[in-house]
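Engineer: Here's the feature list from Swiss-Prot:
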| type | residues | note |
| --- | --- | --- |
| DOMAIN | 300-505 | domain 'MCM' |
| BINDING | Gly352, Asp353, Pro354, Gly355, Thr356, Gly357, Lys358, Ser359 | ATP binding site |
| REGION | 659-1101 | region 'Disordered' |
| COMPBIAS | 688-704 | compositional bias 'Polar residues' |
| COMPBIAS | 751-773 | compositional bias 'Polar residues' |
| MOD_RES | Ser754 | phosphoserine |
| MOD_RES | Ser795 | phosphoserine |
| COMPBIAS | 861-872 | compositional bias 'Low complexity' |
| COMPBIAS | 876-885 | compositional bias 'Basic residues' |
| COMPBIAS | 964-977 | compositional bias 'Basic and acidic residues' |
| COMPBIAS | 985-994 | compositional bias 'Basic and acidic residues' |
| COMPBIAS | 1014-1023 | compositional bias 'Basic and acidic residues' |
| COMPBIAS | 1052-1078 | compositional bias 'Basic and acidic residues' |
| COMPBIAS | 1090-1099 | compositional bias 'Low complexity' |
Amino acid sequence: MNSEQVTLVGQVFESYVSEYHKNDILLILKERDEDAHYPVVVNAMSLFETNMEIGDYFTVFPNEVLTVFDSALRRSALAILQSLPETEGLSMKQNLHARISGLPVCPELVREHIPKTKDVGHFLSVTGTVIRTSLVKVLEFERDYMCNKCKHVFMVEADFEQYYTFSRPSSCPSLASCDSSKFSCLSDLSSSPARCRDYQEIKIQEQVQRLSVGSIPRSMKVILEDDLVDSCKSGDDLTIYGVVMQRWKPFQRDVRCEVEIVLKANYVQVNNEQSSGMVMDEDTRKEFEDFWEHYKSDPFAGRNEILASLCPQVFGMYLVKLAVAMVLAGGIQRTDAAGTRVRGESHLLLVGDPGTGKSQFLKYAAKITPRSVLTTGIGSTSAGLTVTAVKDSGEWNLEAGALVLADAGLCCIDEFNSLKEHDRTSIHEAMEQQTISVAKAGLVCKLNTRTTILAATNPKGQYDPKESVSVNIALGSPLLSRFDLVLVLLDTRNEDWDRIISSFILENKGYPSKSENLWSMEKMKTYFCLIRNLHPTLSEVSNQVLLRYYQMQRQSDSRNAARTTIRLLESLIRLAEAHARLMFRSAVTLEDAVTAVSVMESSMQGGALLGGVNALHTSFPENPRAQYQRQCELILEKLELQGLLQEELRRLERLQNESVHQCQSHSLEEEVAPGSCRNDPRDKPRLRTSTQQEQSCSWSSTERSGADSPPGPGLNRPTSCNNSAENRDGRGDGLDWLDPTSSPEIAPESTIVSPNVKTTEKNVNLKISNNKSQGKEKHGPQQRSKLLEAGHLPSSGAMNAPLRSHGVKRTKASQAVVVSEAGRGDEEDSVPRRLPKLLKEGSQNVCRSTTRVRPLPPTVPLSLSIPSPGSGKRSGTPKRKRRKSAQVEEPEPEGMETPTVKLAKFTFKQKTKLTHSPEGQGPIPPSASEIAVDSSKIPQQRTRREAAVPVVAPGKSTSTSGDRCSDQLHGKTKELSRQPPDSNPPREEREQGPKRRVIQPKPELGNQAGHSHLACEKDRKEGVSCGNKSSKVHAGTIARLASFSFTSPSESKSESLPPERKDSRDSRDSRDSRDRCHSPPATTAPVLGQQRQTFQLQQPTERANLSTLSLFTLSELDDEALDFDWEEEMRKKP
């Protein structure tokens, strides 16, 4: 730079500092220490806006411009001091430094990686983590020399590029013609303090979370001088502004010169306080506040949407995701009056068999946490985890380990049991006291390790539930007690679970797609950074619950003495605060306390009230509010807090009523099908992600029984948002809201539904509404949309006309449309041609060899004959009769009626009757089937014989069963329900046979259902149905075929069967046997296996089976939607 450029830069910077940093300079002038170094931090963006020419000079000549800035800053301070009228208490300071920050964000100036050779001489901003700090040294940067010949005195500055060594000139620099080369140093004996400065070297490393997998983080040295010394410590995240420079040792003969790239720092910014690296503006906060306002009536549904976005590549595992989210949210750190610090970070240990997804959670947690370290136990030593003493250039330095680097962040340790015994003991202090005390190589210090530890380990051999966790994983009790939660993931080798997981993985591999309902990783990172700034306070109610639980744990006979210490109460407080943060609350409520207790109970550290649970098979609840209500009843009753329970139940009922009214108002305003509640994420279009499957298509073992539910309109509406809570059997004890496979009494009520959908729910609902159908479509049928586009199916009105529930008129014209399509049924089939022949021969052999079914033996299990507790407490009248009477006696107000209720008031003129499913799931009209029933051609002789069959007393709780055709049409597993005593299936079977028309869509992967057209073809050749209206089936054949048993995985095993009429069972089993002939044996489940005597595939195991439906099935069709009230028809006849 020439003199004119130096003058310009000095004048511009002096005027800028005098205008914008006058207050900073006044504060510096008031300081008493005149020899200290004082910084003035200048924002580069605002400075460059003042004069763009300075920016050009600064980029090209950073070292010269910084020197000019310091000189201009001193002149500006002097001018300000002289302009003040009173200078008392003010003194001029000579050691002023301009510190540049806030560079424009561009690749030329801002770097996240270590600079390279091409960056030498440029002013950059580099981000990294401090891994080593050296001792502070005294650096002499100037010396005076005198020429021995002419006595000329001159000053020599230390050369930074040669490690601050002094290089004497080759000749005397005096103006006189003195060519002497001998000089004497004038400062050999003592150096003036004015000629020395503080000097420190630190080593920074690239942040691991910003690197790709497999990249080894590089490191470089940073030179700190003057006021920058001791501005950081090991483990800090820094943003360093400085000039990239080279340096080398003085040249020596026959020695290779090694050049090193270092960063001479101008300003150091510590990012520990805002480690997220992102700015939390008002728009971001407002977005999350609107999200929780949207879920105000059902906050647990909003929480589950966040949990479903956590590690979405792992299917289910609801409990693990909840625990990981609570650990990432963290509690609040406290310091009492005595100065003792109580940690706020929770620690989680995942114990599980190989292949249960433990490492996936660790990797995802490390990604969404801004400050994280991921390591493994086998590759870590105690020094690598804590701190290492390293000797560098003749001196010992401390190098930070994984726990120190993860200070105020997350440390993930995989294969935790691989740590050596003496290495495990080294992290005791780091986990509890949150510090590490070091006394190595003469260095005694204490480093902070305020980190959350998320560890994963495998059990030692086969996990033995009878032994303690400490024995199973070979970890000592002192270390194990420092973990707040210990979750056990046991691979129970469940065949159905394996089928579901394999289908989920293959589906994502073959058809990868993203869900709009899932939160992105950036949004998750922003949310967890935001909620860590919340400080919820404990309420009196939550204190009461946590204290009572801690007392019961201490009094438990089976308590772990090493675990039930005061650490347990502190863990409960941390978990409750973490859940309040996760729910975006400013206070810890009863919901947070109950959730913390339930998670602690499911952990192997708890279990005093209800026992532990296998966290692997826990799935997302269908109704989060009902799940929480179940938790409240179990936990608060065990804790003997009846007052809190009643108050909470009243509050939940009030919230439920509000949400029901909100659902109905949305339905009326937008004129969509009933049951589409806006504040339920399950009603959004299903895409191929784990979110929708886990939130809305999971095993609903988490629901409550009907007897436990308060009498609110939301739990009893058949069109509620997929709410089937009223049909659950209540179990006395146990964590049945978390583990659907922990007991044979629990069986799946819903199915895992593939989110592979192309028709949105709104469109499907509009189609159904236009056709005046009362059934509710839960998912858009993909196969039906494809056939409609290809022109193979009639209109939706013709298809849905025979399936009206609650009695919608069906005209002769609609029947004609269905019948006219019967001739094209065979052309639509897309099944391999060899299957009909094989199935036909198999069915003929079975029909010849079977014998008449025997009546129920007296040793039938009670579960098959006695109504379940949930159903036994309902009304004594059959559900069909109750519904008919309810429609007449209890009309709803006109303003609150949904389209379903309005359609239900039509009078039913046909001789058939369709009812809603008693299972709590709304009937779904089939999307690819036509069923036409001409009841006028029923033989009168058969009617008289069926009318003479005695009717079971109406006091028993009953369920209904209908035609299986509609389930087969979707190409999915059939759902078998129970027959009511007032139905007559043989007549229905013969009546529907000639008129049934079936279109089978192309079967997809994982589809295990039978093909209806094969059954139709077999029956046509056997003379049973499908083509000959006058043909009859011999009663003996029907009875013999009844020895087959078939059940759908979606039927609940926990609900018992009421007594049935023999002919009802015969006809139902006849259809089942035909269906079974066309179904793979692997899809059958032995619900009725105890009743049948032949062809029994398997017995109910102690572990309840999971759903065997494929993830590619789109919707679940209710059999009861196709059931006919034959008793009513017989009464109409004379």
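We count from 1, first residue shown onward.
Placed from the backbone N, Cα and C atoms, the Cβ positions cover glycine too.
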Engineer: Same chain, not part of Gly352, Asp353, Pro354, Gly355, Thr356, Gly357, Lys358, Ser359: whose C-beta falls within 8 angstroms of the C-beta centre of the ATP site? Give them in sequence order.
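Structural biologist: Those within range, site residues removed, are Leu350, Ala456, Asn458, Leu489, Asp491.
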Engineer: Within 10 Å of each Cβ, count the other Cβ atoms and name the one among the binding-site residues Gly352, Gly355 with the highest count.
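Structural biologist: Per the Cβ count, the most surrounded site is Gly352.
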Engineer: Give me the non-local Cβ neighbours of Pro354 (ATP binding site): same chain, 6+ apart in sequence, Cβ-Cβ under 8 Å, ordered along the sequence.
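Structural biologist: Counting only residues 6 or more apart in sequence, the Cβ neighbours of Pro354 (ATP binding site) under 8 Å are Asn458, Asp491.
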Engineer: In DSSP terms, helix, strand or coil for Lys358 (ATP binding site)?
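Structural biologist: DSSP call for Lys358 (ATP binding site): helix.
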Engineer: Determine the mean pLDDT over the domain 'MCM' (300-505), rounding to the nearest whole number.
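Structural biologist: Computed over the domain 'MCM' (300-505), the mean pLDDT is 84 on the 0 to 100 scale.
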Engineer: In terms of DSSP three-state secondary structure, what is the assignment for Gly352 (ATP binding site)?
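Structural biologist: Where Gly352 (ATP binding site) sits, the three-state DSSP reduction gives strand.
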Engineer: What's the number of neighbouring CB atoms sitting within 10 A of the CB on Thr356 (ATP binding site)?
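Structural biologist: Its Cβ has 22 other Cβ atoms within 10 Å.
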Engineer: What is the total of other Cβ atoms whose distance to the Cβ of Ser359 (ATP binding site) is within 10 Å?
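Structural biologist: Ser359 (ATP binding site) is surrounded by 17 other Cβ atoms within 10 Å.
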Engineer: Quick check on the binding-site residues: of Asp353, Gly357, Lys358, whose CB has the lowest count of neighbouring CB atoms inside 10 Å?
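Structural biologist: Output over binding-site residues Asp353, Gly357, Lys358: least Cβ neighbours within 10 Å is Asp353.
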